[in-house]
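Per TrEMBL, these features apply:
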DOMAIN    2-187  domain 'IFT122 first beta-propeller'
DOMAIN    213-255  domain 'IFT122 first beta-propeller'
DOMAIN    260-513  domain 'IFT122 second beta-propeller'
DOMAIN    521-882  domain 'Intraflagellar transport protein 122 homolog TPR'
DOMAIN    936-980  domain 'IFT122 zinc ribbon'
REPEAT    49-80  repeat 'WD'
Amino acid sequence: MRAVLTWRDKAEHCINDIAFKPDGTQLILAAGSRLLVYDTSDGTLLQPLKGHKDTVYCVAYAKDGKRFASGSADKSVIIWTSKLEGILKYTHNDAIQCVSYNPITHQLASCSSSDFGLWSPEQKSVSKHKSSSKIICCSWTNDGQYLALGMFNGIISIRNKNGEEKVKIERPGGSLSPIWSICWNPSREERNDILAVADWGQKVSFYQLSGKQDGVRLGTVGEQNSWVWTCQAKPDSNYVVVGCQDGTISFYQLIFSTVHGLYKDRYAYRDSMTDVIVQHLITEQKVRIKCKELVKKIAIYRNRLAIQLPEKILIYELYSEDLSDMHYRVKEKIIKKFECNLLVVCANHIILCQEKRLQCLSFSGVKEREWQMESLIRYIKVIGGPPGREGLLVGLKNGQILKIFVDNLFAIVLLKQATAVRCLDMSASRKKLAVVDENDTCLVYDIDTKELLFQEPNANSVAWNTQCEDMLCFSGGGYLNIKASTFPVHRQKLQGFVVGYNGSKIFCLHVFSISAVEVPQSAPMYQYLDRKLFKEAYQIACLGVTDTDWRELAMEALEGLDFETAKKERKKRGETNNDLFLADVFSYQGKFHEAAKLYKRSGHENLALEMYTDLCMFEYAKDFLGSGDPKETKMLITKQADWARNIKEPKAAVEMYISAGEHVKAIEICGDHGWVDMLIDIARKLDKAEREPLLLCATYLKKLDSPGYAAETYLKMGDLKSLVQLHVETQRWDEAFALGEKHPEFKDDIYMPYAQWLAENDRFEEAQKAFHKAGRQREAVQVLEQLTNNAVAESRFNDAAYYYWMLSMQCLDIAQDPAQKDTMLGKFYHFQRLAELYHGYHAIHRHTEDPFSVHRPETLFNISRFLLHSLPKDTPSGISKVKILFTLAKQSKALGAYRLARHAYDKLRGLYIPARFQKSIELGTLTIRAKPFHDSEELVPLCYRCSTNNPLLNNLGNVCINCRQPFIFSASSYDVLHLVEFYLEEGITDEEAISLIDLEVLRPKRDDRQLEIANNSSQILRLVETKDSIGDEDPFTAKLSFEQGGSEFVPVVVSRLVLRSMSRRDVLIKRWPPPLRWQYFRSLLPDASITMCPSCFQMFHSEDYELLVLQHGCCPYCRRCKDDPGP
């Protein structure tokens, strides 16, 4: 065991206590009056917690990880959540010394100088119990039944869950040795609870409920420069944290090396640091040897077992020579401290390895021999020999491999290689040597000739088979590799290191445990069979293969006329029928009729039939069978059909297969030869319950371009899903749609492929609708986005506007899902704005690119102003400010807005001008200076709410400079429409508003007053009616014109009375689908007709709209046909 410092930190105050979160991710420290929360992975201070007014003495985490508790000198206990929030606080009469959570019930024990309390979330109050002495520490047992309290007077009191004292332990030191720390054994595997006690007298004791027991000191974790005040082990890991008086926090990782030994099928390993377990890998028997000291090294050989302890070496031997005996007894003790890297035991000696030196000691501890090597010893292994004269195989770091006999002072150099040795093994006959070097290469040498026989990469350990001279295995890279003779390697997955190979069992060490893996030797056996090496194959088979492999060996031996091996195989399987063996011999010698007679005499007529059919002697087979079992007859016909198929007589084979009931094989032949008529005939004769052949028929008919007959077959089976797939694959969409109408569950299977087919055939708009209908919103949006990008890239801005409008409506449809509402509504408004921009810009682009543009100057003038006011800081792709300003300047000059034209030309001077516009712009810049510096008053836009004349260029955008009312534009001429948007008073639903407007009652004469209400965030303009009002004014229009002093927009909010006064023909309503609210607009010039598209809700002068619909056959904005119903 060794400790490695992972991280270290230092707090300002003494570390009084430490607690881990049960999952090990966080560490809670009590330091000064605060709790410090650390990340255990790297020692980062995550958060300090303040809650106590004095020094925090203790902290503990509940096993469920939901809460932890802290106790302080301020006499309070605080319960914290895992999110580091304090949720509860209670107090004692004295300072809190320690806290501990019950691991089962999560009951909290809090101890002070004079009493202790028990609290659980179910209790309303804390139950407290008096104590005869100051309680310094406490700990619950693993099962949560008992609580141990350590007192200042040296007494340990063990209480039950109710606080009643059950056991009292009085220690010899009494009050001179206060109990400073106690802890129950955390392992649930222990049958008895063990209590560890540390006192002020520097003693550590261990107790069971039945009495005291001894402990074993294993080693030092770390040296500190200050008093160690607290330490804790990280849950389910090998990390330990230490807190000191000077505020130092040290986090250590404890590394435990694997201490073990292996000899053939016996494996000895260290357990619980002080015990040795010997395991029989074949019988799975185990025996535990309790050493009661730290086990440092283990070696095992035959009936000997050596265990090195800190001050001695124990030599054990088996009670008997029985191979299955697992009882060991002490043979010798060598009472002496030894320092060694490796330990080996022989029959009468132990071998100690320390760097370059080997020492041979007798069991009495006398050094008999010593060998000094040239380099560090990397590997040592006993390879057997007579007692007292065993041989050792030694590998050195310099690549030298030696053989040493324990009774000989001189080492024998077997060979020398260039790389360091990592692992060694010698074959059973001592003729071959396998070496794994530091480059992970397995090298196999002939010991006598020193010749390198072969080498294999990716090896970390190697072992020869103890029962077969030519077989070895090696592991590496997560694979087990088995190699026989010089054949290629057979590989299979395996984690760990190979440490032994006995027969068909491979012993593998993975982490700290070893297991015996049963590996069939089939692969190497077949490698020998391929070379016709039957005797060697038989030897491999004896190690362990399957029954099928045994039969294959016998048949191969018979075919190779190696009757001796075949006979051995039969005896191995327990077959003693000589007639049967002789029949096999006759059949391989060509004496078929004699063989058939012997088969019949031995009761194996089926073997005779197999022989005749394998030889295609069907007539002899029929004669032999006679009028026997119908099953045998069917089998014979099938065999004959197979023969006809093999000799290229497929039609005859089909007829035979059908007569034998082998429809699948008949269908396969017909399908492979393209015989559609025969397939149809077979499908119509088959019963609908025979699904497999019918399905095969349909598959072949589909391949052979006969979808109609395939559909007939699917209908016969009732396989509607396959029928749908057939229609989709053959693009018979009408049939697919008809089937989808009858069976709606298949609509997704139809519309999704249909949409993809449309997209592949450049019918993108139809594809988008099909995706939408199939419920594939993501694909529908992707198609629209691609269409939009393409339209912009190709300067088809009218199409881009249409696609952006479709995208916005798609997003609005998806926004009905509450989880995506906010995101989708944001996209909806964004795409709506882009659609409006591109729709307007289409006219600008046509005007600048096409000299025969049909747009009127006033329209181009309005569009240019609309775009300049609406463009965001980041101009959308494809839109040119140069073209907009150029159009504005040109049309302003033509319409008499000379000041605006001059402004536009000035703006153009700061932009990059394409060469084709350069001359026109320069000329316009000069000629405009000859015009007056004012604009025509006829062009000035009017606000229909407050009757304010607005400038042609408005810094606020498309809103009134006075009342901030947004302008409503015509989607064709882009002039300002005489509409004012109004909002419903709180509590009025859309349905109620429609019903009130539809009433259209005569308005009584009343005196309306306008009430302007202001709050912190908005202003609302309310129309208030008085009871004694007499007058003819429209309550909506009477007070719309006003001088607004503020800079914020005040919306028009109407009441029920105002709604009743409105005429239905004067109100336009944008009936948006959920989750949007409806929008209401009032026309202030009822005689001037306005039309709103019921699909896109764009406003038009009625005459313009009718003309455009006549020209295009649809709405110019959303392309809704005039006969289509609205949304």
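Cβ from N, Cα, C; glycine included.
Using DSSP to sort the residues of the domain 'IFT122 first beta-propeller' (213-255) gives these counts of helix, strand and coil: 0 helix, 21 strand, 22 coil. Within its own chain, the domain 'IFT122 first beta-propeller' (213-255) has Cβ neighbours under 8 Å at 1-20, 22-24, 27, 29, 31, 38, 40, 43, 186, 194, 196, 204-207, 273-274, 292-294, counting only residues six or more beyond its boundaries. Taking H, G and I as helix, E and B as strand and the rest as coil, DSSP gives the domain 'IFT122 zinc ribbon' (936-980) the counts 3 helix, 8 strand, 34 coil.
Helix, strand and coil residue tallies for the repeat 'WD' (49-80), in that order: 0 helix, 19 strand, 13 coil [DSSP].
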